[in-house]
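Enquirer: The substrate binding site feature in TrEMBL is assigned to N13, N64, G74, N75, N174, E192, R193, G203, T204. Feature annotation from TrEMBL assigns active site to C73. For C73, the entry in TrEMBL reads active site, proton donor. TrEMBL lists C202 with the feature active site, proton acceptor.
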Amino acid sequence: MQTEFTKYEGAGNDFILIDNRDGVFTPDAAVIARLCDRHFGIGADGLMTLARNAEIDCSMRYYNADGSEGEMCGNGARCFALFAHHLGIGGETKYFDAADGLHTARICRSKGSAGEIELGMTAVREIRTGEGWWFLNTGVPHYVEFVDDLESVDVIGRGRIIRRDTARFPQGTNVNFVQVTGNGTIRVRTYERGVENETLACGTGATAAAIVTNFVLQRRTAHFAVSVPGGELAVRFSHEPETQTYTDICLTGPARRVFGGVFDSENF
Ligand SMILES: N[C@H](CCC[C@H](N)C(=O)O)C(=O)O
């Protein structure tokens, strides 16, 4: 069977998008892992399907490069919204759900294959802290640790160990190292669940890092410029210091269609 796909990237976090409104594509972990393989497949950090939804514009499902399902992906969801836009689905603001809940995505700018998208995130859950680390769920689980020099961190080596530390993080966790570079500016490097290499950006990770920075430094700053290896993201939110609640969280950043093609399922 021939399946059409489109490749997108958001700040260098790259994805295979499949329009599955006809429901013909059946996600299978081994097939997804093969499609995401950079030598034997198309190559990507993850794969997303777009399905019909009777109440809202559409539904997104996200799979990591190893074929495991993730509840949400920030960079992926911006790419997903632009993909929906390119397919002519919905208005300027898209309404869709992911496994973590409902999302809105406003297409702030769209020109040719590229766009700027403001994505509404679900409310933060499970903030907790340990010695020198923080943990929270911004759609998917995130570990956050502050460092003085981001360049010298062994992101893959340390990330691999922390990611699978199920004694502390029962569902596993994405791992973020954060350097504060100014008031409202941070740099982040992430090692994700379900991907073997360091990704160039992680949207839910950038969001988690901005929230923890606010939480730890007890600042009123609720606007963060987040620099990641693959580009620049922005995170803003409403913060209630008395109860430490974070709501109306928005992640803004780029998304771009890179190329499209067809694969033959029999080969995967
Ligand atoms: N790249 C992502 C996160 C993917 C989710 C994932 N790695 C997991 O927790 O399973 C992002 O931009 O938010």
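Glycine too: its Cβ is placed from the backbone N, Cα and C atoms.
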Enquirer: Just counting, how many other CB atoms are there within 10 A of the CB of G74 (substrate binding site)?
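Expert: Result for G74 (substrate binding site): 29 neighbouring Cβ atoms inside 10 Å.
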Enquirer: So for N174 (substrate binding site), how many other CB atoms are inside 10 Å of its CB?
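Expert: I count 26 other Cβ atoms within 10 Å of it.
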Enquirer: Calculate the distance in Å between the alpha carbons (Cα) of the residue listed as 'active site, proton acceptor' and N174 (substrate binding site), and round it to a whole number.
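Expert: The residue listed as 'active site, proton acceptor' to N174 (substrate binding site), Cα-Cα distance: 9 Å.
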Enquirer: Where does C202 (active site, proton acceptor) sit by DSSP, helix, strand or coil?
Expert: coil
Enquirer: Provide the number of Cβ atoms within 10 Å of the Cβ of R193 (substrate binding site), excluding the reference atom itself.
Expert: 20
Enquirer: Just name the most isolated of the active-site residues C73, C202, going by other Cβ atoms within 10 Å of its Cβ.
Expert: C73
Enquirer: Determine, using Cα-Cα distances only, which of these binding-site residues is closest to the residue listed as 'active site': N13, N174, R193, T204.
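Expert: Of the binding-site residues N13, N174, R193, T204, T204 has its Cα closest to that of the residue listed as 'active site'.
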Enquirer: Excluding N13, N64, G74, N75, N174, E192, R193, G203, T204, which residues of the same chain place their Cβ within 8 Å of the centroid of the Cβ atoms of the recorded substrate site?
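Expert: Leaving out the recorded residues gives D45, G46, G70, C73, G76, V140, T190, T199, C202, G205.
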Enquirer: Max Cα distance spanning N13, N64, G74, N75, N174, E192, R193, G203, T204 (substrate binders), Å?
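Expert: Roughly 15 Å, rounded to the nearest whole number.
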Enquirer: Looking at Cβ-Cβ distances, which residues of the chain lie under 8 angstroms from N13 (substrate binding site) while being 6 or more apart from it?
Expert: D45, G46, C73, N75, G76, T199, L200, A201, C202, G203, G230
Enquirer: Tell me the Cβ neighbour count for T204 (substrate binding site), meaning other Cβ atoms within 10 Å of its Cβ, over all protein chains shown.
Expert: 30
